[in-house]
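K.L.:
Next up is a structure, given as structure tokens.
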Amino acid sequence: MHLIWSTANRPSVTRFSTCRVAPVRGLSSMKGVRVVVVGAGVVGFSTAVCIAEALPFCSVSLLAEKFSPDTTSDGAAGILFAAEFPDIPLERQRRWFKNSFDHLLDIAQSRNSPEAGVMLSSGWQIFKDVPADKKPFWSELVIGFRSMTDAELKRFPDHKFGQAFTTIKCECSSYLPWLHQRFIKAGGQVEQRKVNSLQELSNAYDVIVNCSGLGSKQLAGDDEVHPVRGQVLKVEAPWLKHFIRDGDGKTYIYPGIHSVTIGGTRQEGDWRLHVDEGEAKSIVERCGALEPSVSRARVLSEWVGLRPGRRNPRVEREVAQLRGRRVPVVHNYGHGGWGVTLAWGTALDALGLVRMCLHKMPQRAKL
């Protein structure tokens, strides 16, 4: 059975004070063009919202087998840091991070913050050895970035260097339903179904946007995509107010609105989806070494998910031959553990690629 949401049967929708994506002018001849987004994680819904709000003359649908609370994004730690990808120009990565940060900062400073699950979060990233790059490219994009003082580092005797700053924490268990409502309000339609091949979409849609994450291994035939297993715990520890992240990215404590996320693991090529009790114990011990009071926190839930690993995120367009038709396809996947950090930035890039597809579309397909 397929579940379909549309403007006709949507739930009550919050009034959004956060700025919408500005509609694109000069493409009025595109009325009725059918765009489909595949994937309902944070990348998929971000992309769908950007397209629906910027291109209101298009019919925009989102298809996915799983929705919140059953997506990989739902278990994401959801704090904004950035990795540096080897083959993508640094300026493009900087733009992705800045656009995502500015978007979420607007929400964090709005009345929608609690419902959307987005908040400011201050804390420390600490290193056992002094990193070669003490000021990463994103240091000027977060708030108040500085090196930690000797007095601050005293509580972390095994670490030699640290960075203090304010960033954003985004709880996808709240943020995804919020984006879902925003998409519906923009006129989007959502259908719950499994997409086995892009071929099956070729006759029903004029532009396909692939945000299927790990599913792109099959849908896009991309052998570079691989699972990166992550395991985290949600704990009740309302006394914790500041995040702590080890520089290796494997041990972290992230206070949120409703709970504290502690983690984690990063296991390349591991497809296991069951909770490993040994790893859960290790997470509590490692986090307890950084913040002893973690040992007193009550465990609320345990989660395992498979991040869509790839050497670089794939954000590009192509024209695919699908069942005898040349169909424009925009890809936006492979964000690894940085989906929340990069989602809105890459969504805006994907929107630009969709616009390019529309400009190149034969006139008869636009009517």
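Numbers run from 1 along the shown chain.
Cβ atoms are placed via backbone N, Cα and C, with glycine included.
Sequence annotations record features per position, and here TrEMBL assigns FAD binding site to Thr72, Ser73, Val195, Gly336, Gly337, Trp338, Gly339, Val340, Thr341. The D-dopa binding site annotation in TrEMBL covers Tyr252, Arg307, Gly337. Per TrEMBL, domain 'FAD dependent oxidoreductase' is recorded for 34-347. The transmembrane segment annotation in TrEMBL covers 35-57.
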K.L.:
Among the binding-site residues Thr72, Thr341, point out the residue whose Cβ has the most other Cβ atoms within 10 Å, with all shown protein chains included in the count.
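P.N.:
Most Cβ neighbours within 10 Å: Thr341.
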K.L.:
Would you mind ranking the binding-site residues Tyr252, Gly339 by how many other Cβ atoms sit within 10 Å of each Cβ and giving me the lowest?
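P.N.:
Lowest Cβ count within 10 Å among the binding-site residues (Tyr252, Gly339) is Tyr252.
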K.L.:
Could you tell me the C-alpha distance between Gly339 (FAD binding site) and Arg307 (D-dopa binding site) in angstrom, no decimals?
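P.N.:
Each residue's Cα considered, Gly339 (FAD binding site) and Arg307 (D-dopa binding site) end up 9 Å apart.
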K.L.:
Give the nonlocal contacts of the transmembrane segment (35-57) in its own chain as ranges (CB under 8 Å, at least six residues past its ends).
P.N.:
20-24, 27-28, 63-64, 66-68, 71-73, 76, 172, 175-176, 179-180, 182-183, 186-188, 190, 195, 198, 201, 204-213, 215, 219, 332-333, 335, 339-340, 342-344, 346-348, 350-351, 354-355, 358
K.L.:
What whole-number distance in angstrom separates the two most remote CA atoms of the FAD-binding residues Thr72, Ser73, Val195, Gly336, Gly337, Trp338, Gly339, Val340, Thr341?
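P.N.:
The widest Cα-Cα gap among those binding residues is 26 Å.
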K.L.:
What whole-number Å value do you get for the CA-CA distance of Tyr252 (D-dopa binding site) and Gly337 (FAD binding site)?
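P.N.:
Roughly 13 Å, rounded to the nearest whole number.
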K.L.:
Just to be sure I understand the packing, how many Cβ atoms besides its own are within 10 Å of the Cβ of Gly337 (FAD binding site)?
P.N.:
19
K.L.:
Counting Cβ neighbours within 10 Å across all chains shown, tell me which of the binding-site residues Val195, Arg307 comes out on top.
P.N.:
Arg307
K.L.:
Measure between the Cα atoms of every pair in Tyr252, Arg307, Gly337, the residues the record assigns to D-dopa, and report the largest value in Å, rounded to a whole number.
P.N.:
17
K.L.:
Would you mind reading off the Cα separation of Thr341 (FAD binding site) from Arg307 (D-dopa binding site), to the nearest angstrom?
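P.N.:
Roughly 13 Å, rounded to the nearest whole number.
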K.L.:
For Gly337 (FAD binding site) and Arg307 (D-dopa binding site), what Cα-Cα distance in Å is obtained after rounding to a whole number?
P.N.:
6
K.L.:
Write down the Cα-Cα distance for Thr72 (FAD binding site) and Arg307 (D-dopa binding site), rounded and given in Å.
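P.N.:
It is 7 Å, counting Cα to Cα.
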K.L.:
To test your reading of the D-dopa site: which residues beyond Tyr252, Arg307, Gly337, same chain only, put their Cβ within 8 Å of the Cβ centroid of those residues?
P.N.:
Ala76, Ala77, Val228, Gly230, Gly249, Gly263, Gly264, Arg266, Gly336, Trp338
